[in-house]
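S.K.: Marked as [4Fe-4S] cluster binding site by TrEMBL: B:Cys641, B:Cys647, B:Cys681, B:Cys685. Annotated siroheme binding site per TrEMBL: B:Cys685, in sequence order. The domain 'FAD/NAD(P)-binding' annotation in TrEMBL covers B:3-307. Sequence annotations record features per position, and here TrEMBL assigns domain 'NADH-rubredoxin oxidoreductase C-terminal' to B:322-385. Positions annotated as domain 'BFD-like [2Fe-2S]-binding' by TrEMBL: B:425-474. Marked as domain 'Nitrite/Sulfite reductase ferredoxin-like' by TrEMBL: B:560-621. Taken from TrEMBL, the feature domain 'Nitrite/sulphite reductase 4Fe-4S' covers B:632-770.
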Amino acid sequence: MEELLNQYKTVTQDNATIWFKVGKTTDFPANGGACIKHQNKQIAVYNFSLTSSWYACQNLCPHKMEMVLSRGMIGDREGIPKVACPLHKKTFSLEDGSNLNGEDYKIAVYPVKIEDEMVYIGFAE
Amino acid sequence: MRKIVVVGNGMVGYKFCEKLVAHPNFEAYHVVVFGEEPRPAYDRVHLSEYFSDKSADELLMAPVNWYQENSIELRTSELVTAIDLENKSIKTHKHTVLDYDYLILATGSSPFVPPIKGSDKQGVFVYRTIEDLDAMKSYASKIKMVGKRSAAVLGGGLLGLEAANAAKELGLDAHVIEFAPRLMPRQLDQAASNMLQSKIESLGIGIHLNKATNEVVGEERIERMDFADETHLDVDMLIISAGIRPRDELARQSGIQVGPRGGIYVNEKMQTSDPNIFAIGEVALYNEGIYGLVAPGYEMAEVAVEQITGGDKCMAASIDMSTQLKLIGTEVASFGDPFVENQDIVAITYENKQSGIYKRINVAKDGTRLYGGILVGDSSDYNTLFQIYYNVMKLPENPEDLILGSRGGDSILGSVLDLPDTAQICSCESISKGEICNSLEEGTCADLKDIIKCTKATTGCGGCKPMVVDLVNETLKSLGKEVKDMICEHFKYNRQELYDLVKVKKIETFEEALATIGRGCGCEICKPVMASIFSSIYMDTANKQPVIQDSNDRFLANIQRNGTYSIVPRVPGGEISPEKLIVLGEVAKKYDLYTKITGGQRIDLFGAELHELPLIWKELIDAGFESGHAYGKSLRTVKSCVGSTWCRYGMHESVSFAIDIENRYRGLRSPHKLKGGVSGCIRECAEARGKDFGLIAVDGGWNLYVCGNGGATPKHAILLAEQLDDETCVKYLDRFLMFYIRTAGPLVRTAPWLDKLEGGIDYLKKVVVEDSLGIAAELEAEMQGLVNKYECEWKQAVEDPEMAARFKHFVNSEDSDDTIEYVALRDQKMPRRW
Ligand code: SRM
Ligand SMILES: Cc1cc2nc3c(=O)[nH]c(=O)nc-3n(C[C@H](O)[C@H](O)[C@H](O)COP(=O)(O)OP(=O)(O)OC[C@H]3O[C@@H](n4cnc5c(N)ncnc54)[C@H](O)[C@@H]3O)c2cc1C
Ligand code: SF4
Ligand code: FES
């Protein structure tokens, strides 16, 4: 399990070395999320069309180690974009991956880039 | 430390302790309480609810540890047998001897059993303690097993009628035997009694007036009652409710002065003939009277506490005996002097046999004062009339407006805020209007909950509840302090307001809602609420705006612990053909799904991966199945028993009706999930009273119960209407459900919704059955609109490739999720453990 979790490390816009093309913008539901696969990683990608912004994070919920976050509801808390896990509704900031319920869980987040209606996720390796 | 011994841990004995604990000098006393009963004091006033929806624990005035926490030594199951006035000590049947500085006798009363031959036979009961009720219950089920079900109640007073209702709740045929020519002879006049009699008879309870009982006949157990007029009645059980006798035996033996007809003499300080001994509650003989009500008993408790702690509060000279009848399916109240009529006082009466209403008020001829009155069939004005009487308030110009309703439309009292500050609102706890308003104004209490907590108003007989609620609301309003509940930071409205806004502004999407009445991006709280509202107004399926649906609705399936899903096709009423059963088996085998029969009479297939959902559903739909909405806050199942088609006891076709109803409301989204049940007879095998709505077949139709549930806080559904034909039943259900959908908060099931609904079940009955708001037709039309628009959302999803696209684990790959692992479980499988 630990192994599964350890694969996911936050990547920032600046330290992204590869931009992996994951699909067309229309493959991702407006104001919703979907999951993509990159090598052995599952990444949740969210299309906040209301604010024209995109976010990505690990699909693995650190609470019970299930691959479910892409299926969670998204929204904001006082302007911070967030996702609620569909299993027990723990919520995470999509800006820095911190847990918004004040618990220790944390998720890795990834940068997203849109070019010519295509969606790219930044990875460091 | 001064030693106080309390004999008797009933309602009043308990109240004495409670008042003493609240006193600033409580620390100066050491309190020991003896109670003969095996449990701490409980709410005898609501004793009958022990048969319907309250457990013995729920009836407790305070839990055992309350006594511990307050250092009160409580000794239950211990009878005090002697008082030694000289040495100031008491003795118990366990040979405990204990000194006292003050002794409180709160021994209450015992039911009076008239000296009728044979009244010691098996099957004869009294109605006073939980043990009495337990004994009645077990005896009733014994006789029912051998097909006997006739029960009589001796005594047609308040308590007798309550006991008759209880007998009926036990599934017995109840009869009331009264010696006087009318029911509730102490509270009602003949016309009122006649009205009440016909109401009660229509509930199926027999009323026998002018009957003196000569003998209870039977071998060992009661079989028959013989009356003085040479008639008789065959009965299998008898409950005696012929008045009370104060339990003054202890006082009598020890030389404390008692009255010739029983009761311990007390002065206005509640002192007995021995100044260190006080008597309070139903055992006390004050002003030549014994008062069989909690309110005077509570006042006595307070007086005794005050006197002991050095205060000077005394008992009022006249004691109010106004009462309301609970529980018997009709409203009855009497207040002040219900009977006076003389050269200065006239009675004004209103009688409507059509609707079963009788009202009487006794007013001064010069129109200045209200002396008392009677209400049968509609006691909604009781609190107001009582206030006018009790506070000697001015009467309207035409006193008859008090019972006919003023033609101007306003309440006869104007606003509750017009009451004088001294007006006693809760007589059980003697709480005045001033006390309630002040604590709100000073901010010591913020809302109704606080008021009840700190003043205890409404916790006695509960009769003042509507007025307390009004008073709190009006006061808060006048302070500009209406607390607003809003669902989350994105919408500053509660669910009901959102529902209305969406409807009036014709908002159709979540984005539109955010733009017009909300802000931000929404969240996991407001999204499902809005989804539910859209669906309740437009009958949108979850396919229209999948991303705002709660996790399960978005994929039309319940997510399981490993991220896979379960599949629950609808099986209306639990009826399923062998062919369809085989299809379920074959599909489960093909996709390797764990199968289980659910608690809702259908079959659950677990372990489907996201991408498999449309494939599986396609096969199920082809075989004639449809979505069971097991994932939605929507109608789940209408459980049924087999009913009259096969069952030898069945009265109506419960399966057919359950199927009709389930099909009518399938897909209906609501604030929380909805479950129904239909039982073919009162044996209730479908557990209909454990559901949000339940139907039980009876002679002449269906009894409709609402607002029950199982789960964490089980509640029995409550009777809304009786003996309905199919059509009326559906009509009432339409109204009830639509009213709930419109007004409930998010994730509030029907039972807690009803709890919070002002006016409770009576109000709901008025809205649904009597159409008091004039919206019945609208509610029915709305529901019919939703019913007409029903579509199976799974059928939509599998037929539309765009909708089906969301059931893919990866956007950029056809792979499935390779992290899912199973382990073996008996003959099937389960997710690996967390
Ligand atoms: C499958 C089933 C258990 C079973 O294997 O028998 C079940 C499973 C769940 N129940 Fe239940 N309940 C099931 C019958 C019941 C019953 C029995 C009944 O319906 O007669 C009850 C008590 C009756 C009632 O609801 O009043 C019941 C009371 C609850 C409650 C408590 C509701 C309450 O008001 O207190 C919850 C929690 C909730 O809804 O908030 C709950 C919630 C759940 C959830 C949805 C929990 C969850 O979020 O995962 C479970 C979904 C499992 C799944 O994926 O299918 N389930 N649940 C039953 C499905 C019946 C069906 O055919 O649809
Ligand atoms: C079914 C029912 C419905 C009612 N409905 C209403 C209503 O709607 N409104 C209303 O105002 N009133 C109602 N009443 C009346 C109300 O319950 C009583 O007025 C109230 O309980 C009296 O309280 P009490 O403490 O004086 O007596 P009790 O509650 O009877 O308590 C006396 C206690 O003392 C114990 N005891 C007696 N002798 C001894 C001894 N020697 N040693 C130790 N313990 C002893 C008894 O076992 C008993 O537990 C109802 C009563 C019943 C039975
Ligand atoms: S009782 Fe609890 S564990 Fe069992 S199905 Fe219902 S929610 Fe799940
Ligand atoms: S698994 Fe995500 S919150 Fe529990």
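Don't overthink the numbers, they just go from 1 along the chain as shown.
Yeah, the Cβs are placed from backbone N, Cα and C, and that goes for glycine too.
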S.K.: Do you know which of the binding-site residues B:Cys641, B:Cys647, B:Cys681, B:Cys685 has the most other C-beta atoms within 10 angstroms of its C-beta?
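M.R.: Answer by Cβ density within 10 Å: B:Cys641.
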S.K.: Quick one: which residues besides B:Cys641, B:Cys647, B:Cys681, B:Cys685 have a Cβ within 8 Å of the [4Fe-4S] cluster site's Cβ centroid, in sequence order?
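M.R.: For the [4Fe-4S] cluster site, the extra neighbours are B:Val642, B:Gly643, B:Tyr649, B:Gly650, B:Ser654, B:Ser679, B:Gly680, B:Arg683, B:Glu684, B:Ala686.
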S.K.: Per DSSP, how many helix, strand and coil residues does the domain 'Nitrite/Sulfite reductase ferredoxin-like' (B:560-621) have?
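M.R.: Each residue of the domain 'Nitrite/Sulfite reductase ferredoxin-like' (B:560-621) counted once, the result is 28 helix, 14 strand, 20 coil.
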S.K.: Restricting to the domain 'FAD/NAD(P)-binding' (B:3-307), report the mean pLDDT as a whole number.
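M.R.: Averaging the confidence scores along the domain 'FAD/NAD(P)-binding' (B:3-307) gives 94.
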S.K.: When the domain 'NADH-rubredoxin oxidoreductase C-terminal' (B:322-385) is classified with DSSP, how many of its residues are helical, how many are strand and how many are coil?
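M.R.: Each residue of the domain 'NADH-rubredoxin oxidoreductase C-terminal' (B:322-385) counted once, the result is 4 helix, 31 strand, 29 coil.
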S.K.: From the DSSP assignment alone, can you count helix, strand and coil residues within the domain 'Nitrite/sulphite reductase 4Fe-4S' (B:632-770)?
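M.R.: Per-class counts: 52 helix, 35 strand, 52 coil.
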